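Copied over from Swiss-Prot:
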- D487, D493: Mg(2+) binding site (BINDING)
- 555-614: domain 'KH' (DOMAIN)
- 624-692: domain 'S1 motif' (DOMAIN)
Amino acid sequence: MYKSFSMELAGRTLSVDVGRVAAQANGAAFMHYGDTVVLSTATASDKPREGIDFFPLSVEYEEKLYAVGKVPGGFNKREGKASENAILTSRVIDRPMRPLFPKDYRNDVTLNNLVMSVDPDCSPELTAMLGSAISVAISDIPFDGPCATTQVGLVDGELVFNPTAAQKAVSDLALTVASTRDKVIMIEAGANEVPEDKMLEAIFAAHEVNQEVIQFIDKIVAEFGKEKHGYISCEIPEEMFAAIKEVVTPEQMEEAVFTDVKQVREENIREIKNKLAEVFEESNPEWLHLIDEAVYKYQKKTVRKMILKDHKRPDGREIHQIRRLAAEVDMLPRVHGSGMFTRGQTQILTVTTLAPLSEAQKLDGLDEAEKSKRYMHHYNFPSYSVGETKPSRGPGRREIGHGALAERALIPVLPSEAEFPYAIRTVSETMESNGSTSQASVCASTLSLMAAGVPIKKQVAGISCGLVTGDTDDDYLVLTDIQGLEDFFGDMDFKVAGTHDGITAIQMDIKIHGLTRAIIEEAIRRTKEAREYIINEVMTPAIAEPRTEVGKYAPKIIQIQIDPQKIGDVVGQRGKTINAIIEQTGVKIDINDEGAVSVCGTDKDMMDKAINMIRTIVTEFEEGQVFEGKVISIKEFGAFLEFAPGKEGMVHISKISKERINHVEDVLTLGDVVKVVCLGKDKMGRISFSIKDYKEEN
């Protein structure tokens, strides 16, 4: 038995088939939004996973290229590892769902989203988010939902909900908001310097749209929802906590965590754990495996009380005080640009590399409108940054997510391709970490880009606000610039990046069941204040304006415009002409469909030579024009010259010398470079050239 439910969502039909496919999953929703089709399933293990102190949730978003009628490239001709977009979408699905599961639930849960058909006007990412929420809501998996998600654009100053592809292309905002019935639970945004008040308007408008979807989900659950199953709670026994407090008093725990040096705090906690292990080894050996989790919760309770009740932060700062800041540029002498930003014990060194546009990242995903991206930001988080030993396995989901967030924050201030015809890569290396490395990456990337001579429009800074809540909605405290401990034990990580004039990126993670309007408004306000302080007091003194030229080790680019109809002449058959220019000059050449030609190299003379070759190729021969050519062939009647690869002409023997000659070889040999003047067309309509009529004044 199955049933289809439908509603109108932003002028398009959203329909959900329940009971039609994937019947063995705990919950399955076959989603249709326009012509976009996504199968969302939720499954849970029968038993809890032993020996863990976290909820084992896994979210997958699978892009199948058949969804857009494409065959995967490569040798195997099948989908391989998840794309960057798939990883980012999995993370954005995870964020609103995770807080709504029970904190002490230890059964493995997997949310899988299979994209099977894509309508460019109906977002598969949004469809998957709604599908995951529905599949869990109708399943027997414990879940405190429902929740719903809306995307918001800003076109000509007006908010647009769940925008089409055409609207997204001109939108100043790409906002995703997830909500429960009464609170906002997730915010993700990229924006073109959208003012704070407009951003708040968009967030709360999306929250209202979400209520319509939640009512729709309620109808599905009422008819097809399963009874939620029971589970074994993994809470620490109360008698163990009582025993711990006899060994380590609350005052001693507070003293252990109250320091501005992370390593000192960690050493204090290690000593507490060792002390408890000695005591319990004799009295309660069955508790030994619970010590780590118990001490974690003891720390958490202590830190939260210090902040909420005593207004005292673990490192001694005021509630809205930012950690010690430092900024500098040009630490690495041979790179194209470098910048380092330090915030307390968080330190990021970012390196900028410039390259021709042909080095832009090629994209082969479901979004057929996006073929490549010119700006790339990569974030690395090595184990030494937190004093650990761990082999490097390449970037994980967290690294990809942090890199994308900083990338999104900086895109609005980058120059256009016409203004700055380079592909740009920034790499943020985490030197040291104690919270908010992604926002430090935004600051360091801004410094590095300016040092590299990238003419960004404005400086961008990022900051994160935290939250500690009490028993009521009115009992809370928003913290500015959270460190790692406040992130771990707090309720929110609200990251905001932007310029003086507006927001460029937001990412909000929470561990509670949502945020009230008052909390969101305060977080937005606090991040703006902190952002302006960082730009004015720290970043501007380090480098106030982008360098007027790229660095001496960066490639130079000269750009000219040619008639688009002449592109084929420059490229030549199978690339023969353009490859010959590249071989002779050592430059790189890019040509777009509009006829913009970019010549990239480090030797100015060779770049000028390549430009002259291209201009010669696209120039129509006219009487009186002077050209320089190389003798490539000699015949009895004259010599053939190559003016540029693929561009040749002939000089008749009578036009070679002012003196009469019997043989061309008397004056010219193969390889000679000579200057000629164009005589126009002869009686046969052929272009003729003359060496003897060339004069220096030509």
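Placed from the backbone N, Cα and C atoms, the Cβ positions cover glycine too.
Within 10 Å of the C-beta atom of D493 (Mg(2+) binding site) sit 22 other C-beta atoms, taking all shown protein chains into account. With DSSP classes pooled into helix, strand and coil, the tally for the domain 'KH' (555-614) is 32 helix, 16 strand, 12 coil. A sphere of 10 angstroms centred on the C-beta of D487 (Mg(2+) binding site) encloses 19 other C-beta atoms. DSSP states for the domain 'S1 motif' (624-692), grouped as helix (H, G, I), strand (E, B) and coil, give 6 helix, 36 strand, 27 coil.
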